[in-house]
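Colleague: According to TrEMBL:
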- 274-313: domain 'MYND-type' (DOMAIN)
Amino acid sequence: MEIYHKDGTFPRYCEAVRKSLDDNRFNEFAQLTSDEERFRFVNGLRKIVDELQLKREYNGKGMEQATALKTLGNKAFQAERWNDALVFYNKCYVSTPKENVQEKSIILANRSAALYHLEKYDLALRDIQRALDHQYPNQMMYKLVERKARCFLAKKEYEAALECFKATVTALDDSNLPLERRQKLERDAQIMINLLPKNIELEKKTKKKASKADQSATTTKVPDNFIEKALWFDESPDEGRFARTNTDLKPNTILLLERPHVSVLLEDYSLDHCTHCFKRVSVPIACPLCADVVFCSDDCETKANATYHRYECGFLPILWGSGASITCHMALRMITQKSEEYFLKLKPELAGLTNEQIDKLPVDDYRKVYKLVTHESTRSPEDFFQRTLMATLLNACLTLGGYGGCPQEQNFIGGLLVHNLQLLQFNAHEVSEMIRETAEDIGKSTFIGGGLYPTLALFNHSCDPGVTRYYRGNQVCVRTVKNIPADSMVAENYGPLFTQVRRDERRDTLLHQYRFTCQCVPCVENWPLFTEMDPGVIRFRCDSGKICSNVLLIPAAVNDFMVKCTECGEHTNIMKGLKSLQDTDMLFKTATRLHSSGEYEAALRKYVEMMETMSEVLVPPYRDYHLCQQGLRACMLEFGNRFTRAVAKK
């Protein structure tokens, strides 16, 4: 993975700095053996801040722009185009500068009105509270309190609604409304005050019955991090660390749920996804200072601004404009999400970490990822130079953002940036979202950001992987898509599947990107592409009582149902297998229909039944076997991030 895009400012800067070094000076750099030494050397060549004219800028906010957007929102609201109003109010809110506190409160109140009409009552209540926190004008307070009452009323929370209607009457005392208008609002509120006690009594009785009924019910909370107990991690000189299973795994088994050690959104998705958890945001919470990111909740905004965003805020346009890849941003955030003191405390123990120590650490501990493979010994001096120069750019943003202390400590942090840029190249994963243009669209898995998942990073590759992965926000979920026997490697996929791309091209891609020659079964045996699999030949498993791994190649129009194995000499009765395959045809049609109708859990069960039936009698590669795997993957993606554009526009 490249560290920069060619259309940014950094490539030209990198070329200029490299040309400024004569052979002797560059050879001096090439002899350095540690990332900290490399950083110290390159950081002393030129003043990065001066050359790239780096400075913190809060673009995208301004009252002129915000006022224009507010006007458009008000016009849409008056025309009862609630969704259009919401879009304009969102943009207005993000554009409003921090110092315009009361104006921000008014736009939040306006947005709450649009949300109320869209029947998004919880979000409306959130905006009402935020408007109150932003010094909403006292003479207009009756509007907010009355809207709050209406939201609670719609939610059938009658006690809360009653209190808000009472507060509405009080708030009207501070309004500057004409007497007639004020009296009407008071009468309306008083009617509700008189009616609601009856609803409250009924609500209490209903809640009492519901609480008794719920006593036996249990709610299963999805854990942030989970590893299937059958999974363990082996190690060998050729394969490094890799996942194995100590029991037979069935298809559709969840093996891993993992939050990232670090995750970063692509620029294109920074204003419609939460920068902290990656959830798609329809009603954003804005950063107080910049207009470059949004959040889905107060909790995400608080966590981000308490750590990494306080240092990145105002520098994101510089990173994006420089052409720095997402791995560069991730390398920076691996630092900004922790304090400088945190890393200095870790410094003495980083070099001596063992796998036993690492495995016990939580996901957010830097030591958990420090020892991930970097292929440092195979890197060229030019590669080191480019990454180190990028690290100086990232460090300049850190320094200008107020992170770090003395030069010696900066050199250590700079060395970690260089190290991060190396390990992310081989261990980061693309975070995806299934995006459809219409509800009928098959959808496309779209790259929206990157994440580093410490456990997932240990899985090795296969061109016929046993698992698939999808994302919920920035949490990864890994599920099996075939039977995996005990003591087998559990592999995921880093690139093309064997069904789609020929072996030589797959191996070239993997060698270039990940520096290994793939030795998975499809590569060793050179399995055919999906389009080249012969549907007229069935690949049966030898049914011998002896241990035999031979494959029986049987024509689909066979008449002899007892077939002798050329390896073990035993006979296999393929009648049972042929009958099973007839059953799988019906299962596949049913699963496909269920998937198309949105019944994903039911479809998955049918695909699993089909896969288990075929696994008993067939040996891949076989067309129906891989169609079933494709169906499993497609169903599983429906449980992850997904978005349909046409629905959002209604």
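In case you wondered, yes, glycine gets a Cβ from its N, Cα and C as well.
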Colleague: Near the domain 'MYND-type' (274-313), which residues from the same chain, at least 6 beyond its ends, have a CB less than 8 A from one of its CBs?
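Modeller: Residues packing against the domain 'MYND-type' (274-313) from afar: 56, 58-61, 86, 90, 93-96, 98, 111, 115, 120, 123, 126-127, 130, 263, 265, 332-333, 336-338, 397-398, 401-403, 431, 433, 448-449, 471, 473-474, 641, 643, 648.
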Colleague: Limited to the domain 'MYND-type' (274-313), I'd like the whole-number average of pLDDT.
Modeller: 96
Colleague: Pull the DSSP breakdown for the domain 'MYND-type' (274-313) and write it out as helix, strand, coil residue counts.
Modeller: 13 helix, 6 strand, 21 coil
